[in-house]
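Down below is the structure, laid out as structure tokens.
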Amino acid sequence: MTQVTVKELAKVVDTPVERLLQQMREAGLSHTAAEQVVTDNEKQALLTHLKSGHKAKVEEPRKITLQRKTTSTLRVAGSKSISVEVRKKKVFVQRSPEEIEAERKREMDERRAVENAARQKAEEEAKRRAEEDARSQPAASQSAPAAAEPVAAAEPVREAAPAAAPAPASAAPSADARKRDEQRRPDKPRADDRNARGGDGERKNAPHRASVKEKAPAPRVAPRTTDEESDSFRRGGRGKGKLKKRNAHGFQSPTGPVIRDVAIGETITVGELSAQMSVKAAEVIKFMFKMGTPVTINQVLDQETAQLIAEELGHKVTLVSDNALEDSLAESLKFEGESFSRAPVVTVMGHVDHGKTSLLDYIRRAKVAAGEAGGITQHIGAYHVETERGMVTFLDTPGHAAFTAMRARGAKATDIVILVVAADDGVMPQTIEAVQHAVAAGVPLVVAVNKIDKPGADLDRIRSELSVHGVTSEEWGGDTPFVSVSAKMGTGVDELLEAVLLQAEVLELKATPSAPGRGVVVESRLDKGRGPVATVLVQDGTLRQGDMVLVGSNFGRIRAMLDENGKPVKEAGPSIPVEILGLDGTPDAGDEMSVLSDEKKAREVALFRQGKFREVKLARAHAGKLENIFENMGQAEKKTLNIVLKSDVRGSLEALNGALNGLGNDEVQVRVVGGGVGGITESDANLALASNAVLFGFNVRADAGARKIVEQEGLDMRYYNVIYDIIEDVKKALTGMLGSDVRENILGIAEVRDVFRSPKFGAIAGCMVLEGTVYRNRPIRVLREDIVIFEGELESLRRFKDDAAEVRAGMECGIGVKSYNDVKVGDKIEVFEKVQVARSL
């Protein structure tokens, strides 16, 4: 027995001697000095006291974990061996007798409850069947006497009929007894069933036995297949029931295809589509491979492709639009208030050579207040003019780009269209296009017959040509006013403005100035010093500096607003064009502008629109383009160039069809998938999108719906007015070559040092040639602060009052610009030439 002193024990347990002596006295030991000896029994007594003091239970462990490890060697080819180590772990838990008894009692209670429920259900089922038999027996007993009186053996059957009523009392025990008996002999019920279904003779001779066998299966099967079997499975499968009986009424695979409702948004991935159809993603990928399109499970599909896949696989498709955010935005923009009259918004349209720009310049010079040098800054595309009868807002939209964009988005930014027609030139294809734009938008027309001061002017011919296209003059009984004007002399301009204001009174244009501002973008640009600048036309409400605006997929707070004269303004009412600064990007022409209450909402909608546009653009990245078709012309298989062709007249369409179908050889061919007479419509654009075709327009133009699809889907659309150009371009496409590009080479740059007047040419710019050489009769651009404000032709070039064909760098010269008088000191005149350069793949 090991004996140690108190001091040594204190050192072992790392406790001060005084503290250890105190604990020993508390344990009932008689030690008082550090040199006294401590025996093992005294150590055990001290340990027991310390454990009881910390409330630690002194008991044996209830759970024991045993780990077993075995190592073996596995021989493989090449005289190599691999060592394999297998580890096993077993856990033994010791339960107290009380816990074991409680567990056993709980299982007994659960089993007894299940058996009672099964017995009660069997009794109810037997009682129900007995009642049904009792109701059916009187009918049989009434028909039996007529046929059974001569036969004495039938009497027991008639006596048994009334006795069927008290059967429910004894039906349940007999059913339980049969059930227990049949569980011990599982093969007998099948034999009895076969005998019961054996033949007609046995059923005729023993009808009472047949009725018993009809009632027997119900109580025998029902209790066992529901509660008792499920209870036996919960007990770990130790029940006496057969497992195969559980599958008697189990799941069976459907015999026919399951048709599901598939909701498809504007974009959907292959995995999401397969999940909605309850098929494996591999099936969808295999189907796409058969269609010739390899995809992955995470690839984004557009709405049309996903709809085709789901319908081909036999499912119902519901097309949904992810516009919940847009709908909530539209609800928040509704405003009710008092409406007042507003100024009309007028767009001037027509052929570029018919005097549209000259008419606008005259109206601007005549109606803008004096003191504003040069009138209105030319890069602003919208301005308003004050007249005696009210204000008129003009939209200067070259090429009608903003007008078609507005129509594509359903906006009614333009109220009246002034159609300019040259009296000496007549109706041109672009004039017809302008009429179609106005009719499609539901905008009234005012026809301005320009150049009436020329000798060849014929007003009746203009009326006759326009009446063919549905524009009838008021003099001829129609509703379209015709005004004869001369933009050069100023004749009839006041009458034209009078007619425009009269049309505005008929339209009864209204607006609510107290509402939040709402408008449309006329144009936008990126200014070097001010950032994104957008020219917007306020359509309704009032736009104020500091408002949070949402413009298409861009947003921002208005930091500054400028009117058409470049002066800062604090607010702008209906029909007033202004420039706004503060957006996070340059919006597209035609985008709608709305004033929102908070920045969070504006940012959320803008990001939603950007993501939506990005997804749709990625999904449609493989749309048919002419360049993509040209790049693949060198492949071995025969290629087909699909074309949708629209012409102005039937004769041109037939000639083009014959010429294009005759092109091609063994490797390439042309196929005209669609065509017709008239402008390019939305259905034509959809046909080109579905067939990966190119849109060709011969003397026709696309309407707003078609241009919207072309812009969104990235389709290739080309306009022609010479039949040989179409044939030549298609030949180049079929031979793997592209048409030529027009490249501009800058020849020289001159800076305006002084401006003086000439009675013959108007404003003459005294310039110093800074770079290159300035040539006469070459196209030029006028730049103000490095921004193009005019493009025209150099009409006069002189040096020391002598005409010069060219002036080199470092020399001074006088330059006269054709049809342009707004030259200022500091402007730069850029002379360039256009060179055709062949494109290469």
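Glycine residues also receive a Cβ, built from the backbone N, Cα and C atoms like all the rest.
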Range among 15-19, 70-74, 375-379 that Swiss-Prot annotates as region 'G2': 375-379
Swiss-Prot annotation (region 'G3') - matching range among 52-55, 336-339, 396-399, 776-779: 396-399
Range annotated as region 'G4' in Swiss-Prot, from 450-453, 562-565, 614-617, 638-641: 450-453
DSSP state at Ile452 (GTP binding site), helix/strand/coil: coil
Spatial neighbours of the region 'G1' (350-357) far in sequence, C-beta under 8 Å, 6+ residues away: 419-422, 425, 428, 430-431, 434, 450-451, 487
Three-class DSSP secondary structure - Lys356 (GTP binding site): helix
Site of maximum Cβ density within 10 Å, from binding-site residues Gly350, Asp353: Gly350
Chain-internal residues near Lys356 (GTP binding site), provided their CB is under 8 angstroms and they sit 6+ positions away: Val348, Met349, Gly350, Val420
The compositional bias 'Basic and acidic residues' (96-135), counted residue by residue under DSSP: helix, strand, coil: 39 helix, 0 strand, 1 coil
Sequence-distant neighbours of Ile452 (GTP binding site) in its chain (C-beta under 8 A, six or more apart): Ala423, Leu459, Ser484, Val485, Ser486, Thr491, Gly492
